Amino acid sequence: MQRTVVLLKPDSIQRGLIGEIIHRFERKGLKLVGLKMMAVSDALLEEHYAHHKDKPFFAGLKKFMSSAPIVCVLLEGKDAVSVVRKMAGLTSGREAELGSIRGDFSMSTSANIIHVSDTEAAAREEETRFFKKDEIFDWESAVAPYLYGEDEK
Ligand code: CMP
């Protein structure tokens, strides 16, 4: 099974959307294996968004991301990276499909509710960036037989 990271950004917590968003992932059948709230440091933001450091929106992005706590979520499931990307929708809330998280809750490209891992490699990097080993829970799902067929495990 694959793991992927979701960061619920400051606009999620300010707008009281944390429960709604986590609820969507749970109902989909993704397994919650990590969950924590944190104030993200400047150093961590520089590392996480290093590929955006020359973009004109970088300073604003850092300011926004440290304006309130974020909630870090680690999800597990078959093809979790692509499933969660689909559930998030396009980066801009105005362009994201209705029914996706950004499509339903955001009107913005910067205040776009969540960050999700782009690729499997990014998911592995982000898992170690945001979670310590003892913050990841390897628990057995009692409903797994009702979420996947025998050939999908
Ligand atoms: P995220 O998935 O966290 O990855 C980088 C973030 O930069 C993105 O979501 C947005 O919050 C932000 N971002 C991307 N493009 C723009 C843009 N054109 N203007 C402002 N913010 C942006």
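Placement of Cβ uses the backbone N, Cα and C atoms for every residue, glycine included.
So that you can see what the record holds, here are the features copied from TrEMBL:
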- H115: active site, pros-phosphohistidine intermediate (ACT_SITE)
- K9, F57, R85, T91, R102, N112: ATP binding site (BINDING)
- 1-138: domain 'Nucleoside diphosphate kinase-like' (DOMAIN)
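Recorded features from TrEMBL, shown on the structure.
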| residue | record | contacts (Cβ under 8 Å, 6+ apart) |
| --- | --- | --- |
| K9 | ATP binding site | F64, M65, I70, A111, N112, I113, I114, H115 |
| F57 | ATP binding site | S110 |
| R85 | ATP binding site | V116, S117, D118 |
| T91 | ATP binding site | R102, T109, N112 |
Exercise for the section: Determine, from DSSP, whether R102 (ATP binding site) sits in helix, strand or coil. Expected result: helix
Problem - Contacting recorded positions, sequence order - K9, F57, R85, R102, N112, H115 vs ligand 1, Cβ under 6 Å - result: F57, N112, H115
Exercise for the section: Count up the helix, strand and coil residues in the domain 'Nucleoside diphosphate kinase-like' (1-138) according to DSSP, in that order. Expected result: 62 helix, 28 strand, 48 coil
Practice task
Within 10 Å of each Cβ, count the other Cβ atoms and name the one among the recorded positions R102, H115 with the highest count.
Solution key: R102
Problem - Largest separation between Cα atoms (Å) of residues that the record links to ATP, namely K9, F57, R85, T91, R102, N112 - result: 22
Practice task
Inside 10 Å of the Cβ of N112 (ATP binding site), count up the other Cβ atoms and send me the figure.
Solution key: 23
Completion exercise
Mean pLDDT across the domain 'Nucleoside diphosphate kinase-like' (1-138) comes out at 98
